[in-house]
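What TrEMBL lists as domain 'Major facilitator superfamily (MFS) profile' is 68-482. Summarising the annotation, TrEMBL assigns transmembrane segment to 68-86, 106-127, 134-153, 159-182, 194-215, 227-249, 299-323, 335-355, 362-380, 386-410, 422-442, 454-475.
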Amino acid sequence: MIGAVFRAHYLSVRDKTVCYFELSSSCLMSHSGSVVALATGRDKLYEAHIDTSQVDERRLLRKIDIRVVPWLGLLYFLNFLDRGSIGNAKLYHMETDLGITDKQYLIALTAFFFPYALLEPASNVILRSVRPSMWLSLMMFVWGIVMMCHGFLHSYGGLVTLRVLLGVAEAGLYPGIVFYISCWYKRSELGTRVAAFFTSATIAGAFSGLLAAAISNMNGVAGKPGWSWIFILEGLFTVLCAVASYWVISNFPETAGFLTKEERVFVIRRLRDDMQFSAGGEEFKARYIWQSLRDWKTYLAMGIYMGFDGPLFAFSLFTPTIINELGYTATTANLLSVPVYLWSCIVTVIVGFVGDRLGNRGYINLILFGTGLVGYIILITSRTPALSYFACFLAASAIYPTVPNSVAWVASNVEGSYKRGVTLAMAIGWGNLNGAVSSNVYRAKDAPWYRLGHGIILAYIAIGWLCSAAFMFLLRRENERRDRGERDEVIDSDNSGEETDELALKNGRFETVNDARREKGDEWSQFRYTL
């Protein structure tokens, strides 16, 4: 734009938004050419003097995709591989060699989840305050060392101790990655990227069986059993990747070294166009955390995550055992788990793509959870190995795609980088804490059909379905209230001495529109939730 420069103000007037302009000293252009905000001293990241008209958006997105998503996928692949390797090691006489009972084994699995879940919110706050390249790499390095130590176990006490330490070390990775990705992409782009990175979990599930079967052939090397080498080799590779991660992982968009100055500014502007007002960072304030704690969305999100995380951990830890109890040998059981995970990988990618193109993530969740209900009903009632094996495909195609779809859905409906980080961490942490329950539901005495375990997982999935339905209903109702003007705030610069509405006063009084959306985040009257 040449000539006069304007400030854009947005004023809610019942069912529409009125935009008007005020003469000002500087102006910003969005990538689409529209005026979007004033670059004030408090909004330096917009940098109005920088021309971004030459930035190719598609090319920039491909550049970000290549640099951000694949390496994060590798990190989560190793995270999921290391966490679930104990399920594979169990099939190669780990319990017998350590002299532990089935109950002690389940207690050791349970011990992992408490620090893993409880430390996640704090980890995300730290991640936003320091460089992701440093924090994520440090976590990875520590858990790699702990994994290697599993290979030198001699007692039950050592196993429990190492599982607790592994929970501490891994706690911040998954919520950290999810939060980190949400800082790069628009809401309509998030599902595909989260699905792409999360498919590494399904690949890890498939690959872990193949890898365990191969490594088990090292039984007796250096006087160690095959299960020891599973831990040692997988942990060693994780340590090596952690060292490389310090240089590979990029930091947040506003400081990313692989982008030019114009590209960094462009990324910030397009995110703010997408109602991500905190893009580029915000100053930490305790009230942002309290905003998350008092928000109903946080607690329904916890229910949704509970609905798929409980089944997810049970599925990843016990699928080889379940197949083994259906009459197959340990190696065959590990190999038969591979097609199940490959199928879930394909479905996860498809669902991520559809979710971004069509939206309606709530309806997708209902369909996926519904598929899981069918799968576990079959598992409860089946007495045929082939039918039970088929039901495992239904269960996997419901559990794994629901994770990235729900992550994208929740993240896109929470604004404010600290608030979003805490909300995601609380939801993921609560979901993971339920892994402590689901890791105990498949008892050896219930083999081979595990009806009790399948029934508990069925209840988890039902909770996920109900919470998804409630989340969608309440989001829609809140959007309707905002359309009717029931959430309008008082903007002093817009009133010009006019009498203010009492309801608007209750919704908050702010000097400017930018102040309102910066302070209120997704509670701002013009923010619209995605269904």
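The backbone N, Cα and C atoms fix where each Cβ goes, and this holds for glycine too.
Recorded stretches compared: 68-86, 106-127, 159-182, 335-355, 362-380; the one with the most Cβ pairs under 8 Å to the transmembrane segment (227-249) is 68-86. Remark: the transmembrane segment (134-153) makes no contact with the transmembrane segment (362-380), by the rule of 3 or more CB pairs under 8 A.
Outside the transmembrane segment (362-380), and at least 6 residues removed from its termini, the chain residues within Cβ reach (under 8 Å) are 304, 307-308, 311, 351, 354-355, 387-388, 390-395, 397-399, 401-402, 405-406, 409, 450-451, 454-455, 457-458, 461-462, 464-465, 468-469, 471-472, 475, 531. Here the transmembrane segment (386-410) has Cβ contacts under 8 Å with residues 178, 187, 190-191, 194-195, 197-198, 201-202, 297, 301, 304-305, 307-309, 311-312, 315, 319, 322-323, 326, 336, 339-341, 343-345, 347-348, 350-352, 355-356, 361-362, 364-365, 368-376, 378-379, 423-424, 427, 449, 461, 464, 468, 471, 530 of the same chain, all six or more residues outside its ends. The stretch from 106-127, 159-182, 299-323 with the most CB pairs below 8 A to the transmembrane segment (68-86) is 159-182. Taking residue pairs at least 6 apart in sequence, the transmembrane segment (299-323) and the transmembrane segment (335-355) share three or more C-beta contacts under 8 angstroms. Counting residues 6+ beyond its ends, the transmembrane segment (194-215) has Cβ neighbours under 8 Å at 69, 72-74, 76-78, 80-81, 84-85, 87-89, 91-92, 177-178, 181, 226, 229-230, 233-234, 316, 319-320, 331, 333-335, 337-342, 344-345, 348-349, 351-353, 355, 396, 400-401, 403-405, 407-408 in the same chain. Tertiary proximity for the transmembrane segment (299-323) is limited to same-chain residues at least six positions away from its ends with a CB under 8 Å from its CB atoms, namely 80, 83-84, 86-88, 90-91, 109, 113, 201, 205, 209, 330, 332-334, 336-337, 340, 365, 369, 372, 388-389, 392, 395-396, 399-400, 402-403, 406, 410, 423, 426-428, 430-432, 434-435, 437-439, 441-442, 448, 450, 453, 456-457, 460-468, 470-471, 474.
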